[in-house]
Ligand SMILES: NC(=O)C1=CN([C@@H]2O[C@H](COP(=O)(O)OP(=O)(O)OC[C@H]3O[C@@H](n4cnc5c(N)ncnc54)[C@H](OP(=O)(O)O)[C@@H]3O)[C@@H](O)[C@H]2O)C=CC1
Ligand SMILES: CC(=O)C(=O)O
Ligand SMILES: [Mg+2]
């Protein structure tokens, strides 16, 4: 005798259905064939506890007989999950494993992340997330977040109704500049997903309060478009008015439906990212992570590195390799802290004067006013007008200007050569070398190269993690200068204070708090960033300070202002642990 469900799956000419297949709606409306199953909870990643459902819960939720006998604890499950995770040998396999765990049981997934941040971050975030983005169409298992394509123009507000939760945070990309990997079309979705995993693991957002979004406006990546498995809109990427009006419809729909939600712009190419930020920064709660988040995290590292070098911030001279969204974001914020440092001496210098201490090098060489050709708007404030000759290589620029710091945000791997690094070491007692491009292959140099070619003298940070380096019996821990230290706390502060906007001072506050998380002892060891393992407590501190700054500027929309912001933030924070579940009605 076949069960009703099995019967419903019989062949189209099954006699039991009178020779006709039952339509889906018939199946759903027939209580014998379809009971909205209590077992769904085993497939609901938010509530699922798997083998950790207690006997009582199993009885009440109709799960008895559907799980093996033993009732496990989250810790038991964690041991198994960690063993499974470690059994995979390649990073991409580990990534796929973690993604499927996230789809099955978010509590277990986040507990695994939180307790093993140093080990799991390189998988869910850079560098492996980069590989996952390039292969999204190949490794695709299931959907997460929202994909909104140009063809949805005119109905985006209605599409948002398909999302069943109220998000506190959206990370959105159009996939046009994914890490240093270029245009990855809809594969770029891996980045919002990865960033949001960090919002949860690193700051304590509740998973259901996060929404990754990919705005699909086509791709210019021909290799992807020629691939029959590619999942996105197969057409040339749209820019110009059509792009802005599409983005506007999305952003206004978000503001209308979820007015308190924070929108983080991520990995939009520099032909649109500056303009998007300028257009919306005062219209809704938003920020651009590559410009502002990166600016803040590198300012923290720079302030601490300046202490290590013994040279005050205002006296540094910096060469940037790369003159795109990240470099300009970092340069702007460093110019601001240089000015603040100078103000301490009672000298009223302008931010523009401090910009003179920076030299930006792009794909054509040193950015100058005189070099001819089009000068993109974001480079104008840094274009030099004081050069006698055009310098077309980084080496020439380093030779001529003898910087105290070299910051790589070019997306070009292996460009800080032995010659350049040796020169930095010849010119400085403690040169600052930040090779910040992601993922690892795009890093301007490795930690080992930086240490070796500067004879152990450099203060180093990279965008993606590098292993410890041993130099003359000393173990050096390379710092990770990645916006991951900033955006979780900055976002948390902006959300809990229900801020109207994200102001420049809120961003600057975040970077100062992060810098202060590094102790004198850490600095003595040459560490300029705190350990990633403490990111949750750092995020709480950053969030509290950011919220206070929001209040100070009159941006906070809370009707009653908390006395103790740290406690207020902590009350919001999600801990990945199982709650006692009652009966099924509780889950509706
Ligand atoms: N560590 C971190 O937290 C972060 C790291 N990044 C990384 O920084 C890198 C750049 O990001 P972003 O600024 O947003 O990207 P952009 O595309 O905006 O900028 C890239 C810049 O690099 C320049 N460039 C490209 N090729 C060369 C070359 N051969 N020689 C010299 N300059 C070159 C480009 O020159 P041109 O202007 O002439 O085209 C452009 O100015 C990426 O790898 C990204 O992953 C980004 C954000 C945060
Ligand atoms: C870290 C980051 O945001 C980037 O590389 O784009
Ligand atoms: Mg980014």
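Cβ coordinates are placed from backbone N, Cα and C, and glycine is handled just like the others.
As written in TrEMBL, here are the features:
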- 1-24: region 'Disordered' (REGION)
- 102-281: domain 'Malic enzyme N-terminal' (DOMAIN)
- 125: active site, proton donor (ACT_SITE)
- 177, 438, 482: (S)-malate binding site (BINDING)
- 195: active site, proton acceptor (ACT_SITE)
- 266, 267, 290: divalent metal cation binding site (BINDING)
- 291-551: domain 'Malic enzyme NAD-binding' (DOMAIN)
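Where TrEMBL records a feature, it is marked here on the structure.
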residue	record	Cβ contacts under 8 Å, 6 or more apart
125	active site, proton donor	194, 195, 197, 198, 484
177	(S)-malate binding site	183, 267, 268, 269, 270, 273, 290, 325
266	divalent metal cation binding site	171, 172, 173, 191, 192, 195, 288, 289, 290
438	(S)-malate binding site	126, 127, 130, 179, 180, 463, 464, 482
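Less than 6 Å separates the Cβ from ligand 2 in the case of none of the recorded positions 125, 177, 195. Close to ligand 1, meaning a Cβ under 6 Å from one of its atoms, are these of the recorded positions 195, 266, 290: 290. In the three-state DSSP scheme, residue 195 (active site, proton acceptor) falls into the helix class.
Checked against ligand 3, the recorded positions 125, 177, 195, 290, 482 give 290 as the ones with a Cβ under 6 Å from it, listed in sequence order.
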